[in-house]
Amino acid sequence: MPELPEVETVKRGLAPAIEGALLVRAELRRPDLRFPFPENFAAAVSGRRILALSRRAKYLMIDLEGGDVIVAHLGMSGSFRIEAGAQPAAPGEFHHPRGKDEKHDHVIFHLDGGSGQMRVIYNDPRRFGFMDLARRDTIAEHAYFRDLGEEPTGNALDAAYLAARLAGKSQPLKTALLDQRTIAGLGNIYVCEALWRSGLSPNRAAGTLVDKRGRPKQALLALVEAIRAVIADAIAAGGSSLKDHIQADGSLGYFQHAFSVYDRAGEACRKPGCDGTVTRIVQAGRSTFHCPRCQK
């Protein structure tokens, strides 16, 4: 599943092409994806100008004139591609498996932009993605967003914030960090990497990073720095291309080449001076990769 850096890459690829364009017509080729489309969805968004494309956690938000927002989630295999004239482009494309079968083109947005007419096509073989319609003035209270934690890309994520969220928690640290109510958009790959960088065990009780007065310990300060750095590095690299991600220009992201522990079970730990071996365990149904020797 695409995580925050991959969705951010999609946003950055799509935005220059669609912002300011007129959404002439929305074409739905089936009544549902993971969930049914909202009633009269196609009619509600057609004829509206696209004001902005943004991201919150792992959601894309397409702001339309009039105050409506198309909320899109890519699920496991969703992709957006742009076809302009006879020359297809692939901004923000995700794919599973690599390549596209047009029978999985479920939504087509027909646009008229500054460079002419184009089609923005949503392709999703597994149909775990979805689209919904919300109002911008109440979107913070929407069920998708109201319980989300702070983003790992902004200044609001600091040690004091995370200490308040983790204080008293006995659950494993990795499990606590994957809770979207703690940090929005943070997923499995980047939690593993951040824990390795900060030298913290995924099995450690989350509350042990907070002192009795509720203040962050030094280990929590290091963790916050690692989370922010890992996410920034991944965005700069265009995300991680395992089987799900390709960049806006059709090239692959390359952060997976910088993985220190994720998907490296059995390899020597890359931390200088550590002679440990990367180990894979399962936590809450997900693979966790860590070095038991240097992560405490």
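Just so you know, glycine gets a Cβ as well, placed from its N, Cα and C.
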Annotated stretch (zinc finger, per Swiss-Prot) among the listed ranges 75-111, 260-296: 260-296
Which recorded positions sit within 10 Å of PRO2 (active site, schiff-base intermediate with DNA) - Cα, from LYS58, HIS104, ARG126, LYS169: LYS58
Cα-nearest neighbour of LYS169 (DNA binding site) within the listed active-site residues, GLU3, LYS58, ARG286: ARG286
Distance, GLU3 (active site, proton donor) to LYS58 (active site, proton donor) (CA atoms, angstrom): 6
Recorded DNA site residues HIS104, ARG126, LYS169, farthest C-alpha pair in Å: 43
